[in-house]
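Q: Before anything else, here's the structure in question.
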Amino acid sequence: MAIFCHTLSSLSLKKLINPSKPTSTFTYINLHIRFQAMNSISDSSSSSSSKVMCQLVPGLDTNEKEYILDQTFERYTSKMVKRNGKGAAIVWFRNDLRVLDNEVLFKAWVNSESVLPVYCVDPRVFQASTCYFGFPKTGGLRGQFIVECLVDLKKNLMKRGLNLLIRHGKPEEIIPALAKDFASHTVYAQKETCSEEVNVEKLVRKALRRVHLPHSTGRSTSQGSANSPTLQLVWGGTMYHLDDLPFSTNSIPDVYTQFRKSVEAKCSIRSCAKISMSLGPAPRVEDWGCVPSIEQLGLQPQEVSKGMRFLGGETAALSRVYEYFWKKDFLKIYKETRNGMLGPDYSTKFSPWLASGSLSPRFIYEEVKRYEKGRLANDSTYWVLFELIWRDYFRFISFKYGNSIFHIGGPRNVVRRWSQDQRLFDSWRNGCTGYPLIDANMKELSATGFMSNRGRQIVCSFLVRDMGIDWRMGAEWFETFLLDYDPCSNYGNWTYGAGVGNDPREDRYFSIPKQVSALV
């Protein structure tokens, strides 16, 4: 491996600069310093002068974060919301680890007298391997981020009179047993779109049918004579609601621009759900369980000592929105800076919290509109929403094309010869190709769990176009490491980058010399 890295490293930085564009000594030095800074993120041998210190995202102190949380919750609290249900309901938290604008929690509270929030530590999420190449399904960095999300969710639920019951095991075993023990008439959960998550939904629904409840649980007789708990799946996680689309899921346009123009012209975005200040009473539970440590998840802890260190949880998420939009006032220049690669503030950095469900895309939309009304509306404020529509689009496309987004030929079943050369792939994933721009981005990913959007496009293009490596290897490597991993966006972007996505016009190639020149 060391020999191979040395061979690749013989390609100098100067060869990556577009020869048609004259490059001054100052430009070369500037590029060298920037790449050195990115590469030093995971290079323990770097000199003290080139080391990149760890930057917390968000960069606010604890008191300020708690103040922002309380103020935001107060804005989204309503005294007008009334409960009209009976009995007990279960909220099965999945990828919606938040209180604010959580339709699942809102519906469960309105339609019951008490709510039992539950999170299942599913071994298929934390201790399994990826589908084709056997990488860890969840790496230590994302595992730690999820742990922090759970700690914060538990804290925020307790502020509103509830708690979070944590159980280790499969949801199809845990949820029905709890429904029986607490005589819960309905289990509420966020609807997912990809096969692994959908299969778990089916297993939970099937197991609930075998549970028989007494007839005094608050369930109406019209809901079924068997009086078994029901699983009610609630759409969430997108800016535009599935039911509001101007086409069926099977008719979603294969071209993003057509989708975007259609929803912008014909759809409106629903308001965030406002809930009561108090969500109690919580049911009597002898042991609520503790948030697991990273070791209890079966994962190896990994400390982030350089680069960006993202803090998990809804409190951090809301604080980051405040910090980027209002405190630092960077929203107004987002479009100009969004393709940067180094530092916390060239882009919003919302994606890790969106992926875990700690942050609602509708809340971001409402904050953008509040900013436009109070400060400024321009191309940059719109472009944040433009990117959120992309995220929506990948979620809806996964509905349309199902498992084909994971297949080698993608949604269009493109036939192409791919290599699975392990030596080449290892040089890419270890940041050892000899191309500073590629290596810096890959080292940042392995050290922090994050990579810029432009960086992801570049390293994807390099792997599949220049190396000819099976795109699924790259997608699964990202699945392991990304803090903001979600199957729809990750595999949607990789199929696009590999030229096998649903859009037949999308066939991108990122020239490394041109990308380096663009950084000048």
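Cβ from N, Cα, C; glycine included.
If you look up TrEMBL, you'll see Tyr334, 347-351, 387-394, 484-486 marked as FAD binding site. The domain 'Photolyase/cryptochrome alpha/beta' feature in TrEMBL is assigned to 87-221. The site 'Electron transfer via tryptophanyl radical' feature in TrEMBL is assigned to Trp418, Trp471, Trp494.
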Q: For the domain 'Photolyase/cryptochrome alpha/beta' (87-221), what's the mean pLDDT in this predicted model?
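A: Result for the domain 'Photolyase/cryptochrome alpha/beta' (87-221): average pLDDT 95.
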Q: Report the nearest neighbour of Glu387 (FAD binding site) in space among the recorded sites Trp418, Trp471, Trp494, comparing Cα positions.
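A: Nearest in space to Glu387 (FAD binding site), counting only the recorded sites, is Trp494.
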Q: Restricting the comparison to the recorded sites Trp418, Trp471, Trp494, which residue's C-alpha is spatially nearest the C-alpha of Lys349 (FAD binding site)?
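A: That would be Trp494, the closest of Trp418, Trp471, Trp494 to Lys349 (FAD binding site).
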Q: Sequence gap of 6 or more, Cβ distance under 8 Å: name the residues on the same chain that satisfy this around Tyr393 (FAD binding site), in order along the sequence.
A: Ile252, Tyr256, Phe259, Arg260, Gly492
Q: Nearest to Trp390 (FAD binding site) by Cα, among Trp418, Trp471, Trp494 (recorded sites)?
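A: Nearest candidate: Trp494.
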Q: Which one is it, among the recorded positions Tyr334, Trp471, Tyr485, Trp494, that lies nearest to Trp418 (site 'Electron transfer via tryptophanyl radical') by Cα separation?
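A: For Trp418 (site 'Electron transfer via tryptophanyl radical'), the closest Cα among Tyr334, Trp471, Tyr485, Trp494 is found at Trp471.
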Q: How many neighbouring Cβ atoms, not counting its own, are there within 10 Å of the Cβ of Trp494 (site 'Electron transfer via tryptophanyl radical')?
A: 26
Q: Taking the Cβ of Trp418 (site 'Electron transfer via tryptophanyl radical') as the centre, count every other Cβ atom within 10 Å, in any protein chain shown.
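A: I get 16 for this one.
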